[in-house]
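**Q** Input: one structure, supplied below.
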Amino acid sequence: MIEKIRWYMEEQHMAGPGSRIVVGVSGGADSICLLHVLALLAPSFQWKLAVVHVNHLIRREAGEDAAYVEETCRQLGVSFYLTEVDVEALAKSRGLSVEEAGRQVRYRAFYEAAESFGADRIAVAHNRNDRAETLLFHMFRGTGLDGMASIRPVRDNIIRPLLCVGREEIEQWLREKNIRWCIDKSNDTDTYTRNKIRRHILPFAREEICPEADAHLSQEAELLALTADFVGRRAQEALDRCRLLEEASDGSAGPEEARARMGNPQECRPSPVKRIRIAVPAFLQEEKLLQTHLLRLVLKELSGGGKDIGMSHIRDVESLFYKQGGKRVMLPYGLEALRSFGEVIVQERKPAAAALAGTEEEVPAAHFFQKIDMEELAGNIGDTQNAAPVLTLACGGGKILEFSLFRRENSQIIPQKTCTKWFDYDRIESLVLRTRQPGDYLSINDKLQKKRLKDYLIQEKIPVQERENLLLLADGSHILWVVGHRISSAVKVTDSTKRVLRVHIRGGEEDG
């Protein structure tokens, strides 16, 4: 196994001679194996190692794990860094799942230790099974090529030497070497969605479809990573062909003039609002696949990563290339896209006064925006409509929104209440609690006809001064619930609904 990992690291150019490597070690089998393997290889490559252990302060035995990792480092002569963070409290304060909060804490600790140690590489212990699980997880949730590429062997300065070996091989090697590891009992529960894939879906695939299912999925992820890289390069070239630079004047020049000036950098300047302008004719000449990935690059650049950018957002922007000017769509991360003559502009939302110029849409004076973690909801699904809340969110005025998810039985009756609403969870792609934005709409009947939120508020005679502070549960520009009022017909519970999202206002006029 050592030679396999050595060969894999060399093939993937993970670490050169003399590298200083920070190793993330939880104490579990994978990370303990990674530490021992790197320690064995280090003399041949003159590597210097340091270990980071993060105590999430969740499990009672977490302190014992930290002590074991520290003692292992002492025996191996490796520097040891310990970080302790109350991850559950952090997750609650930031509205994140415990998994996501823990991931953020770990990587922050890795980078801080790397800076202190002068490391040029950070090694983490994902293995071949993890790669297969992540591929399935991303596909089930909906993803692009990058998501299906799953876990990459090298990304920036993060390296994953164990992607070439499976979990059973790792544990067998540790047993042969009489090396013990810590057991995290939470991995043996179905608390998290990934655990369900690990404990139920992949074992079924191995037993009923192919014994090498994990290895084959990992190989597919590797091929998809190569495909994603190739398409990404072509998409960047397409974006370069379609992108318009900003004029040095007052911005009144048209797209053709702007394109003519691209050869003279002195006549171009950064836009005062962070934005990207795309020429419609050039965009429409590109292949459909490149159009999609071009727009993904645009949204990723402007959002700073694009973690919550889904296909629905890309399709919304794409639709603008086939419409006349004046159309606008709202996007995550405070972004918007609009059609203006021969170009589509994706940009940060402007202040209300500026945004009103040239559009009939209203822009709220007050802004509230809170993302709801759908992964945590799905990972804590209940069996009855009385399931305990998974997430709670304070929304002002002494009111709290409680979110829970449960499986629906065919005979289950869904009551009608003002302060409790039920939604077909599988019809929802993303969840945000916020105030209104330009382009908001509801589906108002079984034919899913759309009505502008502005028109609905006028129809319901909601005072203008109250509209700015109305809370909305939204999926992009689609308003799922005007809180305290109606829900969208598109997400009503039907006979075919499998999973029901229950949202209750605690502190509302009717509390139940």
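Note: Cβ is positioned from N, Cα and C throughout, glycine not excepted.
Feature list, courtesy of TrEMBL:
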TRANSMEM  21-42  transmembrane segment
BINDING   S26, G27, G28, A29, D30, S31  ATP binding site
DOMAIN    431-503  domain 'Lysidine-tRNA(Ile) synthetase C-terminal'
**Q** Same chain only, sequence gap of 6 or more: which residues have a CB within under 8 Å of the CB of S26 (ATP binding site)?
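**A** Long-range Cβ contacts: H53, V54, D65, V69, A125, C182, D184.
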**Q** Please list, in sequence order, every residue of the chain apart from S26, G27, G28, A29, D30, S31 whose Cβ lies within 8 Å of the Cβ centroid of the ATP site.
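**A** After dropping the recorded site residues, what remains is V25, I32, C33, L34, A125, W181, C182, D184.
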**Q** What is the total of other Cβ atoms whose distance to the Cβ of G28 (ATP binding site) is within 10 Å?
**A** 18
**Q** Three states by DSSP: which one describes S31 (ATP binding site)?
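**A** Going by the DSSP assignment, S31 (ATP binding site) falls within a helical segment, counted as helix.
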**Q** Could you please provide the mean pLDDT value for the domain 'Lysidine-tRNA(Ile) synthetase C-terminal' (431-503)?
**A** 87
**Q** Could you break down the residues of the domain 'Lysidine-tRNA(Ile) synthetase C-terminal' (431-503) into DSSP helix, strand and coil, giving a count for each?
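**A** Counts, helix then strand then coil: 14 helix, 24 strand, 35 coil.
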**Q** Sequence gap of 6 or more, C-beta under 8 Å: which same-chain residues meet both conditions with respect to G27 (ATP binding site)?
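**A** Once residues fewer than 6 apart are set aside, G27 (ATP binding site) is near H53, D65, A66, Y68, V69, W181, C182.
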**Q** Within 10 Å of the Cβ of A29 (ATP binding site), how many other Cβ atoms can be counted across all chains shown?
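**A** Taking every protein chain into account, the count is 22.
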